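A.B. asks: Here it is, the structure in full.
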Amino acid sequence: MSSSALACFAGATTARRILLRPRWPTILPGTPSVAAPCRSSSACATRSIIITSQQCDLLPRPRQRQCEQQAIFFTPNRSYHSHDHPPPPGPFTHAEQNLLSAAYVHVPSHGFSQEALALGARDTGLLDISPSILPDGVFSLIRWHLYTQRTLLAAKAKDAVDQTAAVTVGDKVEALAWLRLRGNEAVVGRWQEALAIMAQPSYVPASLKELASLADEILYLAGDVSVDPSWYTKRASLSAIYAAAELFQTTDQSPKFRETRAFLRRRLDEAAQAGGALRSVGEWVGFNASAAVNVLRSKGVRI
Amino acid sequence: MAARTALRRALPYLRSAVTNPGQQLRHTRSLSTTLPYLTPNVSSSTSSSSSAPPEYAIPDPSRPTHFGFETVTEGEKRERVAGVFTSVAESYDRMNDLMSFGWHRVWKDHFVASLNPGFSPLTPGPDPRGPQHILDIAGGTGDIAFRLLHTAHVVNANPSVRVTISDINRAMLTVGKQRSASLPASQQAALTFVEANAEDLTKTRPLHPYPSASEPTSHDAQGKEEQAFFDPATATAEIPDSSVDLYTVAFGIRNFSNIPAALREAHRVLKPGGVFACLEFSKADKHPLFNALYKEWSFRAIPLIGQLVAADRDSYQYLVESIERFPSQEEFRDMIVDAGFVVAGQGFEDLTGGVAAIHKGMKPRA
């Protein structure tokens, strides 16, 4: 977010260069990188920005693990979408990915809990104690859900938008937000527990960051290219609407979450109306202010 | 009383180091052998395959290493660390409270809670892989082991968990053994005390009673005077490969003569999926103002407190110097990865702004 913000203020030229390129292909996972893979661990460290963990597979076996670790440790957590670089490898190491993806299978029956983590570890042939290496315990499992659903969005986005025949950015945003909400279907019975854990003070910053990333992802995939203060207001309002819709979804009993969809649409319409009203008021105030200045100037006031 | 006799035993080493400064400089090779990241050809040594340990990870009593700010051989460090801990054994817990304002208890509680030992999902029938076995290295006075046992037996209601407390120093282990007498009988039954050098866990022996105050020296079977630290020649048992679920070391690994060797030994004894967990002092460099205050406290106040309370300034001077010499969070994390462990996230968790840090690693499935 901060980098995008910088891009905004650095001038419209730079911002346009970042934002106005073809949108779809670059965000897809597994995009090959432009640079050759690193040959040694020190080369990995210095050129870390372009390493993905997949590239480490090309190294001789003893160096692979170290390379993979460093690919994660040294890659700066880029918070904007780039057309020139592959997406960063994500916050999870290989060991974490194995543990969490196995544990995620047990979430619908055991919730976001130590049980799910331990059962997942057993499934992968590890021990009950193995999940204790996870830095945040069960919150890591919640973050795994948030992260995987968010990154899946890019791959599924094109189909979803085409299906709904969405044309405007607003329609695409609605289609994508709905797509993301449907990603919660498998775990929706346990999502209130997860929200409770996410609301614990030490996890609030990470949860909010994940929400901001999701709003950014949705607007980017919808093709929003605003380079003015509305960049912020759009993301803030979408974050609020998405969080509200998710909360609504946890108690929604309607088939295929029809009520949630209606709720989402109403909120987005309201936001659009509020935005329109605000713009109209601004326009009116601006017009009258300049008119008043001109009247005063005609009376000889030196303004 | 025992502490005094032990101090007398440790003093010749300390005194010779002071009166004979030339001794410190007799090394000829690079002195960073226990800390591989300092060697200039680090890339060549880390690239060797993980099955054969690199040269720096093989214990060598004649190789130079750190003792506080001094440079000594690995063998000498072992003896001098033994001297330090023999002399502080009895006042160890009281001193910890004074030095850290009691905060070390919070760190230790958090460390054990984050490991959650003994947790087992509710499944029909017992776990086919047998009960958990925890190895607490450098566990001396039992601080961590008793907490682990409490969490496993009481909080997680899993009385099958066993804990082995290992220490190279008999004086510290004896203190732990005495303290364990106040535990419930079921927890006492799950405890084992062994003497071992963490760099070579193939040689261990059950705790021999340490000479009491009334009997300051003891003699082994051959009639020789016994050392305060474990002698591998007297070993009777071993810790086999892949036999441990959780390996913990709290405020101990700093004192090891050869840290890479100890990490590789941890990798050997752990089962696949087993967890290496280390609680150790670390660097608070990220907060310069706090760090300045902390350094002031540790270099001025702690040796003074040691002098006043434990009548032993040198041991506590060593303590703060060894903290200063210990690698940073990232360097130590890389050493853990180098020994064959995998880590999650950044691989460590800072406590109190980095004054201490928890490092965890998992032995991957082969």
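Using N, Cα and C of the backbone, Cβ positions are placed for all residues, glycine too.
Heads up, here are the entries from TrEMBL:
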REGION    B:21-65  region 'Disordered'
COMPBIAS  B:21-42  compositional bias 'Polar residues'
BINDING   B:T141, B:D167, B:N197, B:A198  S-adenosyl-L-methionine binding site
REGION    B:204-223  region 'Disordered'
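For each feature listed, report its degree of burial, its nearest neighbours and the pertinent distances within the displayed model.
C.D. replies: Annotation for B:D167 (S-adenosyl-L-methionine binding site): spatial neighbours B:I137, B:A138, B:G139, B:G140, B:L173, B:G176, B:E195, B:A196, criterion Cβ-Cβ under 8 Å with sequence separation of six or more.
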A.B. asks: Only counting partners 6 or more residues apart, tell me which same-chain residues put their Cβ under 8 Å from the Cβ of B:T141 (S-adenosyl-L-methionine binding site).
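C.D. replies: Once residues fewer than 6 apart are set aside, B:T141 (S-adenosyl-L-methionine binding site) is near B:A89, B:Y92, B:D93, B:M172, B:V175, B:G176, B:R179.
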A.B. asks: When you measure from the Cβ of B:N197 (S-adenosyl-L-methionine binding site), how many other Cβ atoms are you left with inside 10 Å?
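C.D. replies: Other Cβ atoms found within 10 Å: 26.
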A.B. asks: Sequence gap of 6 or more, Cβ distance under 8 Å: name the residues on the same chain that satisfy this around B:A198 (S-adenosyl-L-methionine binding site), in order along the sequence.
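C.D. replies: Spatial neighbours, sequence-distant, of B:A198 (S-adenosyl-L-methionine binding site): B:I137, B:A138, B:S166, B:I168, B:V249, B:G252, B:I253, B:F256, B:A262, B:E265, B:A266.
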